[in-house]
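K.L.:
Sharing a structure here in structure tokens format.
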Amino acid sequence: MTERIRNVALRSKVCPAETASELIKHGDVVGTSGFTGAGYPKEVPKALAQRMEAAHDRGEKYQISLITGASTGPQLDGELAKANGVYFRSPFNTDATMRNRINAGETEYFDNHLGQVAGRAVQGNYGKFNIALVEATAITEDGGIVPTSSVGNSQTFLNLAEKVIIEVNEWQNPMLEGIHDIWDGNVSGVPTRDIVPIVRADQRVGGPVLRVNPDKIAAIVRTNDRDRNAPFAAPDETAKAIAGYLLDFFGHEVKQNRLPPSLLPLQSGVGNVANAVLEGLKEGPFENLVGYSEVIQDGMLAMLDSGRMRIASASSFSLSPEAAEEINNRMDFFRSKIILRQQDVSNSPGIIRRLGCIAMNGMIEADIYGNVNSTRVMGSKMMNGIGGSGDFARSSYLSIFLSPSTAKGGKISAIVPMAAHVDHIMQDAQIFVTEQGLADLRGLSPVQRAREIISKCAHPDYRPMLQDYFDRALKNSFGKHTPHLLTEALSWHQRFIDTGTMLPS
């Protein structure tokens, strides 16, 4: 471990996780590293959860406000949720136990745009940060903190926190050192902010390590534990069909000179649909691709390996166990092709617009006019959060939403008369793709958009119902610009809640 903690003076701060966890008090605001299940602290949260459970058994209160980069893993969100140790959570979560706490009303939750979290923290929206808890690959001779498999909001939390706890994780590959690009300009401060001088996805503008006043470092914990690295389902026929429509669209846009032959910087969400698209791009005609995204997932890693993609910039990895092992074994090959940045840079709307990114994101549902619900099932039950989809959707050159046309074995339609919750308004959604087809909505009015979405994207089981609703709304709506029948616009959702299906009996 001495080669991991190369600053001799800081070795005296090494202690067990149990001791470090005692620094975290009831009511503290704690900012941690971690983004899409990568690079989050693992041992101190487990020790903290045990202390919380013991306090609760004594009838004492012991909860914290937990602010991260994005989702973490079972050792952090899972353990603290089991202990009922979080009274407020932001900005993104995928842990099932934490999700249950949120949807039961036991943990307050706000799914902020990921690109805005650092700025909100600097502005004091989350309160005063008592603790920054970050995972590191190593600590350099001059006290620099080498991040691990994500960057997230770590630098901002280190700047703001009164005390710092560092987990130095030996499981993380030491060759991660040098892969990060931490810009030390004023990204998120007020009242003025510096322009982040990125004009190409492959550009480095900062340094390789996080910086913090060493006097703030209160504890260093040695760990050896892997990231979440959840497996991805192999793309099914539905995902492959969606990918096929999108690849044909890209080819058409190149022929029309609306896209260059190498496309534009790609942003992609995670999951089997996203991986199917990336797999298709790996086999397709486009070369010298670049990624400017928030995550690097299996499909993007495969494109880097094949040479189809030359550089990928993000804030984090989100890999299957197999892909994580692959990159660990071949880090000397991949490290020159990857840049990990803080998330208020990876998700900066200004950079996204400057680079002209192509944004590809999933959704829970969209209405017939193209308003998108990415977060709340039936309008009220939180799934994960808006993540970075809002950062990219509004500012990208192309904003694309991908989804199977149905869910729950056909019991839910992804295209509905009115979205039960809206994360992305119609002005931020240009292209919709389901396994039924692709709707290009650029330059269309709401009525024209509805005709395209219903005919191109809706499932045949639901298409006649949508067409009937739209036809009657055209005749009887209060206004004819965006026709709706308010007495039945959300009736599909209520039918599912009442009967378990959106289809009428």
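Backbone N, Cα and C atoms are what each Cβ position is placed from, and that goes for glycine too.
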K.L.:
Figure out which of Ile364, Ile368, Ile425 sits with Gly269, Val270, Gly271, Asn272, Val273, Asn384, Gly388, Lys408 in the CoA site per Swiss-Prot.
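P.N.:
Given Gly269, Val270, Gly271, Asn272, Val273, Asn384, Gly388, Lys408 bind CoA in Swiss-Prot, the matching entry from Ile364, Ile368, Ile425 is Ile364.
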K.L.:
If I take the alpha carbons of Lys408 (CoA binding site) and Glu294 (active site, 5-glutamyl coenzyme A thioester intermediate), what is the distance between them in whole Å?
P.N.:
28
K.L.:
Least buried of the binding-site residues Gly269, Gly271, going by other Cβ atoms within 10 Å?
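P.N.:
Gly271, out of the binding-site residues Gly269, Gly271, has the fewest neighbouring Cβ atoms within 10 Å.
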K.L.:
Taking Val273, Glu294, Asn384, Lys408 as the recorded positions to compare, which has the smallest set of other Cβ atoms within 10 Å?
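P.N.:
With the recorded positions Val273, Glu294, Asn384, Lys408, fewest surrounding Cβ atoms within 10 Å: Lys408.
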K.L.:
If the CoA binders are Gly269, Val270, Gly271, Asn272, Val273, Ile364, Asn384, Gly388, Lys408 per the record, what's the largest distance between their Cα atoms, in Å?
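P.N.:
Largest pairwise Cα separation, rounded: 25 Å.
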K.L.:
Given the binding-site residues Gly271, Val273, Asn384, tell me which ones have a C-alpha lying within 10 Å of the C-alpha of Glu294 (active site, 5-glutamyl coenzyme A thioester intermediate).
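P.N.:
Candidates kept after distance check: none.
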